[in-house]
């Protein structure tokens, strides 16, 4: 496998986000929630407050470091849920066929008919705001494409010699699925999940911005932007830095995903340099 | 062609029914009663007597099965129920705001197509050029950017600093008010269209029939006009259709940001106060839109590509 | 003695990868007389198609002509401007490709694709061009040409599609037709028909043909003279019968040895097909020896 510049940039950005999230308690100069001081509110960036302070006088830089934890959690957990749902449904549908396949197909089509952010919004409306509901909402939204890919890979893998050999040896269906089929479609699934992390982070930001996701005072990048609309005239840094954090981390996931796809599928590389 | 169109249109019906069912199921598993949650957001404490009255009034005391039957039969008569909060028919609330949303969505898509497709085309015709590189970097960035953040920044620059455009609101419905939200909303589909157009055109350019066209002694311009454009259109149309879905979803956020009086902001407001009939109704209408657009895309697709009709 | 229609002299083609140029064609020279059918044979990768694309001026990056001359009616094609070359291409020199499946635009009727030729080279309007396209389809013996002209490529069989390609290539009565493996992708039964069609139509119109194939049988049945290509070199050239009867170059003997022959068993008892490498002692020495027969005399008639 050869990795290009884009992949390396994506990997670097992703690594930075992960480091920021893990090291936040040690490298953040202030507490993201408790160190609010109205005397210090809306200070422009300086030596103490690198990214300035927000309306409550909290350090934007510290809040962004802690915000990485939330974005990463949302990105990773939601994609794990997505992949499990998508792979389970897609693989069994492709392998068993019949009425189960029809049912899964129908469900996938219905899911694709609902814009994913709208679906997440509906789930949030039911479960109420907060991190757990956010993880469930985003975990339930984007599995349809994974499911389709898993199904079509299973269909093509099913006719491969080694799968048929396993069948003749009398292996059970589940054993074949997990030992023969799943490992061979991990590549595309991984690509989907990486790209999905980017869109999950974006959705989280949007929902939190709307006040339906992570609730203040917890430092999610999206919810940090909620107040920015009022503050932007006086304190534009409150809007600039959290958005930049979202942008760079999503860019990282997307470049990483594109790079993975290109290295798994050399045909694509020549087309999308 | 007509039969294809008819069949494709009929396929919407079952999907809408299933979606309606799904929405109903989701909202009937809400823990706690609607009435309670309606008051939970308010400042005053919930008065048990009032809650009971409200529950009865809203018909929430009836068994689930009965409520479902009412819901479906109402739906068949295009009755989406009554808002918990305002007591107005949901369909009226949606009707009032539909036009603003349509305006925004269409303007955003038109902007995305008019800028994204030519950019992708030119990038593909000159791969490796400065334009190509800049377009592709822009596309990846556009896809990675939270739209509402970009909108926020544009609001800051063009409305608050330069005072060229109004910062929010519908105003009297003039173009001035439409520009910022539409451009913001159009950025993601623009980026995606530029990317897919480029990939599609490159694919077509590598096709054997393009070599045939050159062997006929055709100029580059004629090859592009007669053979590349039409074939790349198939992919572009599909992308536009698919993108409409996420555009409608994103519109919810952008409408809220720019205080645009569309069904998106209606949906967000209703979710916040848990006005379930309005939430159900708006989601259903949004899904219906999306399905109609996708059907239209399929029909255009079939008109462009003769291979589709045969199936 | 008539002047050759096409005179390729010392044609060199190179592939530029990075800052190094790899030679693909090494000084290929051959001539085609007006109305003559000339065949180029060789294994895949030997440079047959590159030669034909160079003549058409359709080489794609990283391939480019690195030297030599391609004289067509005494005029060096390599010196022509893009515009002059376009006027010639399709009009005086036309080409048929290997894959009739993909060589036609799937989204355009075949009638329109043929009609483009008349619009491009004869300045006709679309309506008249469409009518001429129907005639062109009729001339390649497509039944119901009127109806077929309105068909899309996917509605046709491979054989029909290749007829469409032929109609398109011959639409402007070119002086030279380049047929690059025109029957390889077709069913065996259709192959013979299409070959006969090309042969007959070109004979009728006096069109010279440059036939490219790896199939010695196809070449033997259609061409008057044959050039054998190996590794970017034209290693041997002779009149068809002479070449098949008395191959002089080691590689040609190898090629012929790899050909199954009907009845060879009864004559020689059990005989194996020989693979080329078992005949040829050292491949690297192959391109050093060349056997070019003296140019065919009058008009290339055998």
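The backbone N, Cα and C atoms fix where each Cβ goes, and this holds for glycine too.
For B:12-40 (among others), the entry in TrEMBL reads transmembrane segment.
Annotation comment: TrEMBL describes B:98-301 as domain 'ABC transmembrane type-1'.
As annotated by TrEMBL, transmembrane segment applies to B:102-125 (among others). If one looks beyond the transmembrane segment (B:102-125) by at least 6 residues along the same chain, the residues whose Cβ comes under 8 Å of a Cβ in the stretch are 131-132, 135-136, 173, 178, 181-202, 205, 224, 232, 236, 240, 243-244, 247-248, 251, 254-255, 260, 262.
Per TrEMBL, the feature transmembrane segment maps to B:137-158 (among others). Through the fold, the transmembrane segment (B:137-158) approaches residues 164-165, 167-168, 180-181, 183-185, 187-188, 190-192, 194-195, 250, 253-254, 257-258 of its own chain, all at least 6 residues removed from its boundaries and within a Cβ separation under 8 Å.
With a cut-off of 8 Å between Cβ atoms, the residues of this chain six or more beyond the transmembrane segment (B:178-194) that come close are 103-105, 107-113, 115-117, 119-120, 123, 135-136, 138-143, 145, 147-148, 150-151, 154-155, 158-159, 165-167, 236, 239-240, 243, 246-247, 250-251, 254-255, 257-258, 260. Positions annotated as transmembrane segment by TrEMBL: B:178-194 (among others).
Residues 101, 104-105, 108-109, 112-113, 117, 121, 147-148, 151-152, 155, 167-169, 180-181, 184-185, 188-189, 192-193, 196-197, 199-201, 203-204, 264-265, 267-268, 286, 289-290, 293-294, 296-298, 300-301, 304-305 of the same chain lie 6+ residues outside the transmembrane segment (B:232-258) yet bring a C-beta within less than 8 angstroms of a C-beta in it. Among the features that TrEMBL reports, transmembrane segment is placed at B:232-258 (among others).
Long-range contacts of the transmembrane segment (B:278-304) within the same chain: residues 1, 4-5, 8-9, 11-12, 15-16, 19-20, 23-24, 27, 75, 80-81, 83-85, 90-91, 93-94, 98, 230, 233-234, 237-238, 240-242, 244-245, 248, 263, 266-267, 270-271, each at least 6 residues beyond the stretch ends and with a Cβ under 8 Å from a Cβ of the stretch. Annotated transmembrane segment per TrEMBL: B:278-304 (among others), in sequence order.
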